[in-house]
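Features as listed in Swiss-Prot:
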- 75-82, 142-146, 196-199: GTP binding site (BINDING)
- 66-344: domain 'tr-type G' (DOMAIN)
């Protein structure tokens with residue numbers, strides 16, 4: 001895939017001067033080399049395109065796609081993502097005033113449209129918008145930085161072609177920076193980095209750049225050098241063009257170019273040489289010129305950076321201060337210069353007519369429609385479904401087919417989003433991100449025009465780690481309460497709703513305390529329902545550690561319809577490298593059990609695994625093998641075999657030596673060094689394992705693995721231990737076996753709650 005991307009990029013640089021990337025839209029060629037190269041790579045003939053659309057229309061669409069960028073802005077919490085997006089919208093003319101994140105002026109940042117986001121100063125939902133820069137359309141998704149809302153990052157990256165990874169020049173590479181970068185790597189996203197907050201006390205961009213190399217394994221180099229730091233930060237020197245830029249005017253809207261300051265000449269040439277060396281390591285064309293000691297021209301270096309970035313072999317590093325309105329315009333230029341257009345990105349679908357055979361999509365408007373629903377929202381006019389179009393065209397009034405459900409749906413309204421505002425459009429084509437109203441579907445569904453039966457590969461959805469019991473205080477609010485839970489569960493795949501079989505309470509599960517607190521607050525605000533909330537619960541799991549046999553006969557033949565079903569086999573733990581949580585294998589030879597009863601047996605075992613006998617939590621990492629059984633010509637039924645399976649599982653479960661698994665969190669602490677001993681001592685009491693300890697100036701950064709069950713109320717405890725100077729972040733790491741004493745305590749608590757010994 002990387003070679004294909006690099007080939008496309010080289011074709012681009014061979015057939016079209018790079019300076020055309022910055023030409024006004026009217027001066028652009030009718031068919032870009034990037035689009036032509038991508039079409040050739042996918043084997044798309046001009047004849048097939050002409051059959052689908054008028055030649056001029058196809059050329060117009062291709063030109064539009066070549067001048068399009070679909071990007072996300074992601075980072076650790078409080079790194080300045082939304083502030084950066086606000087400046088991008090201002091400089092591109094999408095908004096006419098700059099407002100700050102926390103809404104101190106009563107307005108708040110454009111992309112934080114929820115009241116809760118403006119009050120708390122954090123992004124909770126990803127928000128989409130679009131803008132125009134130098135004749136290019138840039139579609140942007142601003143994502144949350146808090147780990148509890150990681151699904152918003154997952155689904156944004158699933159549909160994007162490029163990304164900006166924002167890093168704090170003071171905090172450096174933090175825990176969520178690592179998580180976000182891992183997500184970008186999973187979805188093979190080319191990216192540029194932006195080291196923000198150069199105006200802050202303690203800013204050190206070179207330290208952060210080196211951290212990205214060591215902690216994120218980035219093959220990177222700076223494309224800019226800052227003119228001053230902290231209070232003396234004035235502007236930037238472009239290492240490609242060898243020009244200095246300062247940002248003047250009340251909001252930094254005037255970019256003034258000048259020569260490189262004389263006192264920076266040596267540093268600039270040193271950093272430019274480093275940039276050329278790093279790019280030469282992954283780009284043959286530049287390496288050849290560099291090894292021959294040829295002078296490297298700006299357009300030559302720019303083309304090499306683009307080839308390497310699109311091929312995901314290099315990450316250019318930009319710098320600035322979004323809050324101080326410095327460095328944003330050059331970053332926008334970098335998005336156009338170095339991140340791919342939709343036709344340079346390879347996207348795959350699964351052909352349902354060919355046993356989910358992997359298909360490379362053409363990525364052009366001339367092909368049949370293929371679009372992915374990646375996000376749902378409840379709008380004022382019904383369900384709002386966000387779509388990324390990979391192939392074809394969608395028009396208002398079209399009939400489209402949901403491949404996952406088989407339903408035919410008419411598109412009543414088609415819009416482009418600008419945060420919480422909408423702009424009606426008549427059509428949208430491949431490469432675009434739009435939204436439709438009135439289309440009932442689930443997140444992850446694929447839509448086509450009916451001529452193909454493709455589904456897009458699914459995104460990664462993490463399992464919830466924490467639960468709460470909730471109930472409406474007023475019985476009259478039950479309807480609205482249920483409506484809220486149904487809506488939120490549909491919109492957010494990491495938000496789950498269930499019923500406690502013992503108490504009958506409604507249980508909501510999510511990614512952490514903040515995640516669940518936000519939903520409880522939204523129920524109160526948006527549905528006017530006050531809810532009673534129980535104590536947070538950890539989502540434990542159960543598993544087995546050894547093989548155990550089962551042989552169970554379920555027999556009921558005392559009047560009425562009889563029941564008869566016998567199942568024999570064994571249960572065993574799945575190998576540690578297995579991705580699945582449950583496997584069922586039918587190893588019966590012959591017809592001891594008629595084949596039509598096998599699905600009922602599997603269903604019975606699955607149902608039994610929903611509640612283990614230790615503490616009533618789901619059982620995972622288990623393989624069930626059916627080896628023999630017996631049936632009755634009259635009394636055997638699906639129900640009989642399902643019940644036989646459930647009882648067989650309960651019969652052999654204890655013999656398989658079950659254990660309890662608990663969620664373990666990766667916790668990163670940053671505290672003044674004077675409090676290091678106190679904080680690490682407290683972590684040891686919480687049964688944390690220290691795995692890292694680094695010094696950053698006057699602060700110590702401690703990384704540890706801690707059971708989630710021991711982390712409740714930690715924010716208050718940390719403030720108390722560090723006089724309010726400590727901070728921490730936490731993300732899910734894995735489920736791990738609890739100690740024997742903890743298991744005994746959990747089992748006894750569970751038995752006491754059920755009134756059993």
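Glycine residues also receive a Cβ, built from the backbone N, Cα and C atoms like all the rest.
Under the three-state DSSP scheme, residue 198 (GTP binding site) falls in the coil class. Comparing the binding-site residues 75, 198 on other C-beta atoms within 10 angstroms of each C-beta gives the minimum for 198. The binding-site residues in question are 78, 81, 143, and the one with the fewest Cβ neighbours inside 10 Å is 78. Mean model confidence of the domain 'tr-type G' (66-344) amounts to 87 (pLDDT, 0 to 100 scale).
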